[in-house]
């Protein structure tokens, strides 16, 4: 079943869904930028003390639920019912958490002992925290050098977009991270490219900088109506939906094992793929702030979705734990 998943174009949204995580980096940077610029709009500079308090506030807000689940993983997990898959599904996770849970609490688990990562799904929290720190420094530079904001953001974007491509080129990485049974046996933890090009903080700088850019644009034009013609509406739908679906669909022929590519092509796709997707989502979100989006706008405004949104962090933390409990019962 897994081997044939990439054979059908209808499955491309699932096989190409890895780009979707860029949405979370984008939103994180957007909200941080907007809140910082709004809260400190009368301040000339952002002091190191202020940046430190912002970081401490984030740590206090995110860490308690994580710490509770880590405690469960390190203690109670070993006492779960034992089945034929227990050693692989639970035993390895228990040992990894006993050894490396401290890296989760410091949000460096995606770089320190990554092949023995505890709670693998929390790689995102580590990467996002690392990028959060980088974003604070960029915002501090933007506040201090107001006349050079365009240069600051442009240089940051070029660096962020270039890093994945350079790493893919130098290390001769595959143009895609292929999700085959052999790779999924340890959930990609032994896949070097996954660690370097997907779960690392530095490989996702591009999406975060795009979030900073659009957060800044939203802060600047939040009370200005920029949509004045039907052409703007058409461009909005083409760029938001067209770019996002187009970059995912572009990968379909690449999943064929006979697909031939050069190091340069791999570098270009790694640099452009997820960043084009991020740009498309950013355009979509910015359009919704201008009351565009049709169904997407209605869905995001629906109160039921907003309630579910408040539950997503805890659900994200615990969902793999629940899946492990279900699998070992087979």
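Glycine residues also receive a Cβ, built from the backbone N, Cα and C atoms like all the rest.
Residues or ranges marked as domain 'Acyltransferase 3' by TrEMBL: 15-324. If you take every residue in the domain 'Acyltransferase 3' (15-324) and average the pLDDT, you get 93.
What TrEMBL lists as transmembrane segment is 12-38 (among others).
Annotated transmembrane segment per TrEMBL: 123-142 (among others), in sequence order.
Long-range contacts of the transmembrane segment (149-170) within the same chain, counting only residues at least 6 positions beyond its ends with a Cβ under 8 Å from a Cβ of the stretch, are 138, 141-142, 193, 196-197, 202-203, 205-210, 212-213, 216, 263-264, 266-268, 270-272, 274-275. Residues or ranges marked as transmembrane segment in TrEMBL: 149-170 (among others).
Sequence-distant neighbours of the transmembrane segment (201-221) (same chain, 6+ residues past either end, Cβ-Cβ under 8 Å): 22, 25-34, 37-38, 110-111, 126-127, 130-131, 134-135, 138-139, 142, 149, 153, 156-157, 159-161, 163-164, 167, 271, 274-275, 278-279, 282, 285-286, 289. Annotation comment: TrEMBL describes 201-221 (among others) as transmembrane segment.
For 233-255 (among others), the entry in TrEMBL reads transmembrane segment.
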Using a Cβ cut-off under 8 Å, which residues of the same chain at least 6 positions beyond either end of the transmembrane segment (123-142) come close to it?
21, 24-25, 28-29, 32-33, 36-37, 45-46, 51, 54-55, 58, 62, 66, 103-104, 107-111, 114, 117, 149, 152-153, 156, 199-201, 204-205, 208-209, 212, 216
